[in-house]
Amino acid sequence: MFFYLVGAIFAFTFSLVYSCELITAPKCMNIGYTMTTFPNTLGHRSQTEATQDLKAIWPLVEIGCSASLRGFLCSYYFPKCDPAVKEISTILPSRYLCENSRKGCEPLMNKFGFPWPSNFECHKFPGGCEPTTIPMCAQKLKKKQISQPVWTQNPT
């Protein structure tokens, strides 16, 4: 009986910790995936908490200081969840998205006396882009893959 109870508690806890849910935050819909999971790495336990916290920095998206910022924020606050994956894993945004966001927005933030948020330090994010997990990276890689050298003749 004891082992049955422990097993039931573990299964219940696991299902609470890692389950996929549809993204309902309007600002982060249509970002290349539809499912997310909580808690996220920022400690938000629900989409409501994440949305509330996101409101503080969202004006930067509306100003348009970086084309990467929306993808970066949404993939950080609403991490992609794949129902086919059974392990607990959070897919963080890439370092590329972070660096592009920071490059475009940090000067504007500094101009108004705000530092780049410490939880957005780009070295904390995985390097490279994986288009299978982070759709915003697919555009970057696709552009790299299709760009071919242009050969011109030497004018003589």
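Heads up, the Cβ atoms here are built off N, Cα and C, so glycines get one too.
Since this is a predicted model, take the numbers as computed values, not measurements.
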Practice item. Check TrEMBL and name the cysteine among CYS20, CYS28, CYS122 that pairs with CYS74 in a disulfide. Key: CYS28
Review point. Quick one: DSSP breakdown of the domain 'FZ' (20-140) into helix, strand and coil?
Key: 55 helix, 6 strand, 60 coil
Check your understanding: Between CYS20 (disulfide bond) and CYS122 (disulfide bond), how far is it from one CA atom to the other, in Å?
Key -> 26
Review point. Roughly where does the domain 'FZ' (20-140) sit in mean pLDDT, to the nearest integer?
Key: 88
Practice item. Around the Cβ of CYS81 (disulfide bond), how many other Cβ atoms lie within 10 Å? Please give the count over every shown protein chain. Key: 21
Point to revise | Cα distance (Å, whole number) from CYS98 (disulfide bond) to CYS28 (disulfide bond) | key: 16
